[in-house]
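Student: There's a structure below that I have some questions on.
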Ligand SMILES: Nc1ncnc2c1ncn2[C@@H]1O[C@H](COP(=O)(O)OP(=O)(O)O)[C@@H](O)[C@H]1O
Ligand SMILES: [Mg+2]
């Protein structure tokens, strides 16, 4: 009979290596395992960040690497923060972030609540609801372009069926008034399931006996919702808001595919402006400064928010 | 305050009958304790009365009103859950005030405050009122849970092993306190426990439950002195009753047809004997106010109670006789 597999594995380790490994302390072994990750993190996250900070104080242009690079101090920052045109992408971003979060949170939590109430076939519908999230943003962007087509788009026909206005009388992606809402609609379609998932986790974490106690204490369903369901699910809801907020602040792919920032610059969110400055106008130094400003903004907001979240959680 | 009446109540979970054909009336102002081991169906019985479970068969009436189909809120009951069912995000004060703040019965905030503070004093959690429910020890949480049941004046109080997670001293205190509250209020309480001391000290009547069936109901004295069968006899008495073959020991009186005798410590006479005696002391347990004598006898073992200053020691030979033991037939039913 052959020896157990674990003994064979031990025996087949080269003696020199085995002795070597045995000589290492736990701490050393831990470092060996972490090292590749740290190196990778430094190489693809930390180093580019530091490099970007450095570039943001220069007039460097990535398409003219031979041109002399001049140190311009904080000029890039000054010109961004004093440029009235910069407020356009900031406003477009704020519109997009605020409305997607608001709609997705309300919708996501309500749907999660409905699913949690266990109606017939809820398992099947939970799966169906999650499908959009599994698609690639490129696919989603492209097929919503079709849905939004005034002549053949299903979306326009749907709206027309409900409201009676002719389907080709409005252009979701081509109109200055509607385009900002078109991207909100698509993002909501795609990411509400994600909010549902997180809220469901929150709702499922509330033990049944708390509701039973409330039931015996004669709390109405309304009061149960406000004094039990909502406060106890709140940390989860806030987490969903944080994830969606960070994600949408740097939204690029879907909006770029749907409208490329247009019409005009109505849907030009910050990351699209950034791409134009960096890879169309090749103002590398300037766009680096812009990226740093965005980064600091998101980082600052997220930090304030996480503090609030921790306060809610520790209650 | 009201009477609870259960008529042929049955509740099944899949194939296990958690409660089977339970008929029981708890009189107005009575403290009825359901006693049984884990899994006997005690919790299920309470949840049926509270309305947290619907019976598969039978009727439940509270205060003469059929509530079988009514939700918990309509039944006017309070419930102490076996696990601490506090609202974790509320303070202790708000937990206690929660049942009073029901919009259907507007209680003035000042009155709530008086009630809550008085109750907190009673349960020795005054200094914890501002704490969050999650910042308490297990014993404190359970006291808050008990307090939440006592803060209202419902028709009936339902309690599911409320003292089992407390330490011995606090348990003894709260036992007295609960009994006093019940007498003061004239409250109807249905109380569930696996602890025979709680059952003996608290109950007006005890209901012994086994695998979903009510085996016997009676005053603690009746249950102790006249158990209907060996199962009930084993539930009460500390140390537990000795069940021995009828012909093992001489007894002053045995009913005809006795197969098993039930000898509680008070039925056993132990006398020191010479080396020929059949009984041997295996060990002596000194408990302070009394001592337990573990005796081996022809392959059986039994426990007797002796004075703390007993001269008997390990390996001493003893003679044993029985005085008025309980007599059970072949099926375990008591016949004398
Ligand atoms: N919700 C439930 N689902 C399935 N079985 C249950 C449920 N509640 C109780 N039971 C079963 O019913 C029996 C009685 O349980 P329970 O009333 O909790 O007993 P006790 O409170 O006396 O320990 C047990 O066998 C238990 O497994
Ligand atoms: Mg139980």
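Heads up, the Cβ atoms here are built off N, Cα and C, so glycines get one too.
TrEMBL: automatically predicted annotations, no manual curation.
Taken from TrEMBL, the feature transmembrane segment covers A:28-51, A:96-115, A:127-147, A:178-203, A:224-246, A:286-306. According to TrEMBL, the domain 'ABC transmembrane type-1' annotation covers A:90-305.
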Student: Any contact between the transmembrane segment (A:96-115) and the transmembrane segment (A:286-306)? By contact I mean 3+ C-beta pairs closer than 8 Å, pairs at least 6 apart along the chain.
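Tutor: No, the transmembrane segment (A:96-115) and the transmembrane segment (A:286-306) are not in contact.
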Student: Take the transmembrane segment (A:178-203) and find every residue of the same chain, 6 or more past its ends, with a Cβ under 8 Å from one of its Cβ atoms.
Tutor: 92, 95-96, 99-100, 103-105, 107-109, 111-113, 115-116, 126, 129-133, 135, 137, 140-141, 144, 148, 170-172, 229, 232-237, 239-240, 243-244, 247-248, 251, 254-255, 258-259, 262-263, 266-267
Student: Who are the chain neighbours of the transmembrane segment (A:286-306) in space, where the CB to CB distance is under 8 Å and they lie at least 6 residues beyond its ends?
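Tutor: Same-chain contacts beyond the flanks: 49, 52-53, 55-57, 60, 76-77, 79-81, 86, 238, 241-242, 245-246, 249-250, 270-271, 273-274, 277-278.
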Student: Mind checking which residues of the chain, 6+ beyond the ends of the transmembrane segment (A:224-246), have their Cβ under 8 Å from one of its Cβ atoms?
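Tutor: Beyond its ends, the transmembrane segment (A:224-246) has Cβ neighbours at 97, 100-101, 104-105, 108-109, 113, 191, 194-195, 198-199, 201-203, 205-206, 210-211, 214-215, 298, 301-302, 305-306, 308-309, 312-313.
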